[in-house]
Every structure is written in structure tokens, then in C-alpha cells.
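*Asks:* Pasting the relevant annotations from TrEMBL:
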REGION    1-39  region 'Disordered'
COMPBIAS  21-38  compositional bias 'Low complexity'
DOMAIN    47-187  domain 'Potassium channel inwardly rectifying transmembrane'
TRANSMEM  84-105  transmembrane segment
TRANSMEM  159-182  transmembrane segment
DOMAIN    194-364  domain 'Inward rectifier potassium channel C-terminal'
Amino acid sequence: MSALRRKFGDDYQVVTTSSSGAGLQPQGPGPGPQQQLVPKKKRQRFVDKNGRCNVQHGNLGSETSRYLSDLFTTLVDLKWRWNLFIFILTYTVAWLFMASMWWVIAYTRGDLNKAHVGNYTPCVANVYNFPSAFLFFIETEATIGYGYRYITDKCPEGIILFLFQSILGSIVDAFLIGCMFIKMSQPKKRAETLMFSEHAVISMRDGKLTLMFRVGNLRNSHMVSAQIRCKLLKSRQTPEGEFLPLDQLELDVGFSTGADQLFLVSPLTICHVIDAKSPFYDLSQRSMQTEQFEIVVILEGIVETTGMTCQARTSYTEDEVLWGHRFFPVISLEEGFFKVDYSQFHATFEVPTPPYSVKEQEEMLLMSSPLIAPAITNSKERHNSVECLDGLDDITTKLPSKLQKITGREDFPKKLLRMSSTTSEKAYSLGDLPMKLQRISSVPGNSEEKLVSKTTKMLSDPMSQSVADLPPKLQKMAGGAARMEGNLPAKLRKMNSDRFT
């Protein structure tokens, strides 16, 4: 224990989990010695720890005939005792039936009574009762006969029966022997050497709250193209009021990154990052005591020795998910190889983990962030600028038509205010940046500063300037234009005045 604390620190505590400790509620705050662990009521699982699905099909009615349409798969799915019984029964019935056919031929031809006549040629030599007919069939079927009992050429019905026996025997052998071979070569027992941890854990990994469990391969032969998938089974009710029992949701264990493709040589820890897309986004340590769910893990791969696909399954209920735990390391470096210690495969130890859900952590982080005030200020400024634009629209519509023409384009002040509001938003956004970026953005000649200066100049200058404020050259030009207008005839001056009014 002391060596472990030196390796992981004083904040960690080793907890060896076992199946006997499953289903116990965590001890809450209190005096301590007087409080005991209260076992929770064991509920029905959808998938057992060994991978067997607790589902029974009932009230099939006429649908049971579908099993006979796929007779080969039905025989393979039967238990071994029923397979052996059908195997023995089929051969026994076939042998007795064919032996009876040979005995019937001998009986109808009268070979049973004339078997010992010297000059008589029977259909089958030396067949004079049912046991001898049965022995002839076995010798023919097993191709071990035709020494003492043999078929003659004086019996065409015997030749036809011989051909039928050969065809029927081949069909029965192919069906039953093939069924037994498939039954024996099924990779179900290969799944017995694929291990899953007894518990799943939730703790921090790479700064994110993560659900983890462990898988391992006890054999030296590899699982080719091993892939793992996870399903969350949880009952829920839709907004329309429909109740969905055991609704299946997908848990991402690295599908987008390829982490679900396993190189299963040594034990691996499978991770599901709990984020906004995860079904456990609202799950906290306190809410997990009242939740009811089941995590089904499916490991698939190709057996290297046989080339057949193997599937191993297990499940974790909410009682088997440990909050604030981490798996104990099982791989150590020896001289020339890596050693895996499977005695610590299921062991976990406690680690500091926040008891809040990811949603609660994000809300607390958002409330404590100093960037909220500038965002609120920016939204208020944008709201005020929109109100100013609406006020200008009302004032412009109330002016007479002549004054609206004098003011020029009607959307000019609105555009200026929009430019000014955009500039203020950019100024607030610059205030949220670090100091280095603010210095870079404040360099003279920046496009944003030019936009601010232009907008300010356009807002500060009046729409009409007097001649006295113009430069001397422009004043002279304006004066010359006035003198030229004074020298014009009366009709032209009247036309000009009518045109500008």
C-alpha cells in the first residue's frame, strides 16, 4: 500500500471491486461507524454479464412454422443434447427403413424360402431374414461388404433401390455431419477467453469527464479486425406521450477517430467522453443513485485460427458504474517482454473527481467567466442603435416632401449609424482580446481605425457647409459663380430658381 501511495500520491485509495460488492449504495455523510451500506434491490437485466440476452419470444401462433423453413439453422441453434438425440434418431430410422425395403424385396420374390436352393439365383445372395437384410444394408452404406452378401444382376428392383439408398445416404450424411461440424466449430466458446471488467468507472481523463471500462484477451491468438460498440438501454417518454421501454442509444467510443478499432493484444481501456452529445450529459454522482439504465458492450472480431466471426457481450447497470474511480495498471516491463497481471484486471482505485455533471460544470464555468459583462454591454449597445434607427425612420417620414428632397438620400443617416454601431461592437470585441492582440490592432493605418475615423468625420461634419468655411479657392469659385448668375438675363435666372425650388 505504501509503495502504491508513493506511485500515485496520497489522494488515491485502492479499491478492489468484486461481484459481492455490486449493488451497494455509497456511504453518505454522517457519523460514520453507525451508518451501514444498504443493498439496493436487484433488478432484471436485459443482457447478463456472460452475454446471454434475457428475452423470451411468446405467443408466436402460426409463426412457429418459420423455424421449419430454416431447418438447418434451427438444428444448429438447438442445445447439444437435442442435437445428439436427432443425430442418433435420424440414422437409426434411416437404417431400419432401408433394411426393411431390402427385406420386402426378398420377401416378394420368395428369396426367403429359396435361399438354400442350389440352382436358384436370389436378388441378394445370403439374405434369408430381416437381420441378414439389415447387415447387407449396413455393409452397403459403409462400403465394407460384398464378400458374403452381394446383389445379383437378376434383380432390377434391387438395383433401383441400391441407387436410391446411395443418394439418400449421401444427403443424410451431408446434412447431419455438416450440422454437427458447424455446431462444434461455433466461436461461442472463443468468447469465454475475452474478458470484460466487472465494473465501469467514471473519472477525469485529459481534462474531460469520461466513462471507462476494460477489455482483455486471454489467448495468444489475436482477434482480427476487432471492433467494439456500446448501447445505452434506458426507458423514456417522448414529448408526444409515447413510452419507449428499453430505448437504445449509441455511445460513442471513438467511431469518428477510429478508436473503436482495437488491437487487442493486451488489456485496453475503452473510453466514452461525456460531452454535450453524450446521453450522460446530465448525469451526476447524485443523480446516478436514482437513474436506471444499462450499458451493453458488444465486442466483435474474426478468430485468427478459424476465420469465423466471434462476438462477446456484457452489460453494466447503474449499480456497476463507479463514480470517481480509475482502473489499476496491469502491464509491466520485464526483461525482453511485457507482462500482464490479470489479478489486477478488475481492481480500481479512487481518484479526485467532481461530483457534478458536465452540464452543471459548464453552467458554473459560464457564470464565473468575466466575459459575460462585455457581451451584455455589446447587446445593449446594439439594441440602442436599432432604436435610434427606428427613431430616425419616424422623423424622416414626418418631414415634408421638399425637406426630404433637400436632405438628399433618405438612408444616409441610417447607414452612418449602422457603421458607427459596427465600429463600437468591434471596439468592444478588441477589449475582450489579450493585450498583445490589442496592441497589434491599435497600429496606425489599421483598416478598423480608418473606418472609425471616416465614420466620425461623416457624423461630425454638417450636411451643408457655409461658403465662409470653404477654402479660399472654393470661396472665389463660389463668388464667381454668384457674379455670373447675377449677370444672367431675367428669364435664365427665373428658370434656375424654378429648377432648384
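For all residues, glycine too, the Cβ spot is worked out from N, Cα and C.
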*Asks:* Counting only residues 6 or more past its boundaries, what in the same chain has a CB within less than 8 Å of a CB in the transmembrane segment (159-182)?
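*Replies:* Residues 72, 75-76, 83, 86-87, 90-91, 94, 98, 101-102, 105, 137, 140-141, 151 contact the transmembrane segment (159-182) from elsewhere in the chain.
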*Asks:* If you run through the domain 'Potassium channel inwardly rectifying transmembrane' (47-187) with DSSP, how many residues end up as helix, strand and coil?
*Replies:* 87 helix, 4 strand, 50 coil
*Asks:* Across the whole of the domain 'Inward rectifier potassium channel C-terminal' (194-364), what does the mean pLDDT come to? Round it, please.
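*Replies:* Looking only at the domain 'Inward rectifier potassium channel C-terminal' (194-364), pLDDT averages out to 92.
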